[in-house]
Amino acid sequence: MATFQADEHQHVRYNPLKGEWILVSPHRMKRPWSGQEEKSNEDPIAEFDPKNPLCPTATRGNGEVNPNYDSVFVFNNDFPALLENVPSPPVQDDPLFKMGNASGVCKVICFHPKSNTTLPIMSIEEIRKVIDTWVDETASLGKTYEWVQIFENKGAIMGCSNPHPHCQVWASSFLPNLPRIKDIHQREYYQTHGKPLLMDYVSKELLKRDRVVVRNPDWVVVVPFWAEWPFETMILPRTHVLRFTDLDDQQRNNLADIIKKITTKYDNLFKVSFPYSMGFHGKFFNEWSEF
């Protein structure tokens with residue numbers, strides 16, 4: 001029988017953050033392909049469009065007019081998935097039909113006043129202002145809510161409804177499933193091995209170097225060993241931090257640097273403004289933890 005080679009033979013890989021096994025079938029890359037190939041057909045985006053509700057001085061869906069902002073601009077989402085004050089559902093005795101209370105706040109953070117600008121095009125100084133806003137929102141919302149999720153969907157194909165550089169912040173009274181599962185497995189790893197899972201992982205990836213995409217003194221971008229999606233990457237700190245609020249001045253600058261570098265690499269893959277979903281998972285706020 002042939003000797004196993006990871007880049008040749010099918011196998012499963014364990015995702016220690018989720019406790020799941022991922023099927024890897026590298027031999028399928030050799031199959032002939034005569035299917036559809038998408039061509040880049042991007043229409044140029046105007047720098048300013050008065051009908052775009054995220055532009056400076058534009059009128060949003062609720063009738064409010066944006067200020068003539070020249071940097072980062074934050075406002076409460078006009079169509080939020082979570083509201084602060086809503087009735088709680090009744091207690092259900094049936095274990096198959098349970099409901100629980102969900103309250104929260106949803107915000108929009110515009111990165112830049114120009115609609116035709118994206119993170120890889122922005123300067124490191126401009127991205128740093130975005131990161132400072134992430135820190136401020138995390139600190140402020142974390143005083144009230146258990147979970148603060150910052151995420152960006154870039155491109156219409158990823159569900160972005162407005163062609164303008166922006167992300168969203170969802171703060172919720174409950175811990176969503178994915179971070180809850182990741183927290184459970186990181187706790188188990190720490191109890192077994194005496195060190196944080198992701199710190200152990202990033203140190204080993206730096207030694208192997210096979211999956212390191214880009215790095216700087218404070219951050220590393222890797223293709224996860226357990227990657228599920230094409231072009232999936234993770235941005236990991238090189239020192240142990242729990243949340244955005246833990247980052248010092250240098251770490252914030254270097255996070256801006258690493259975000260610019262990895263998003264530029266994405267754009268250069270196919271010479272297009274690359275669509276993606278990006279989110280940050282930190283420690284939730286209702287208790288102290290090592291992870």
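Every residue, even glycine, has its Cβ placed from backbone N, Cα and C.
Source: prediction; values computed, not measured.
What TrEMBL says about this one:
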- 4-176: domain 'Galactose-1-phosphate uridyl transferase N-terminal' (DOMAIN)
- 31-51: region 'Disordered' (REGION)
- H166: active site, tele-UMP-histidine intermediate (ACT_SITE)
- 185-286: domain 'Galactose-1-phosphate uridyl transferase C-terminal' (DOMAIN)
*Integer mean pLDDT for the domain 'Galactose-1-phosphate uridyl transferase N-terminal' (4-176)*: 94
_Spatial neighbours, same chain, of the residue listed as 'active site, tele-UMP-histidine intermediate' - Cβ under 8 Å, 6+ residues apart_ = L54, V108, I109, C110, F111, E152
*Helix, strand or coil at H166 (active site, tele-UMP-histidine intermediate), per DSSP?*
strand
*How many of the residues that make up the domain 'Galactose-1-phosphate uridyl transferase C-terminal' (185-286) does DSSP mark as helix, as strand and as coil?*
46 helix, 17 strand, 39 coil
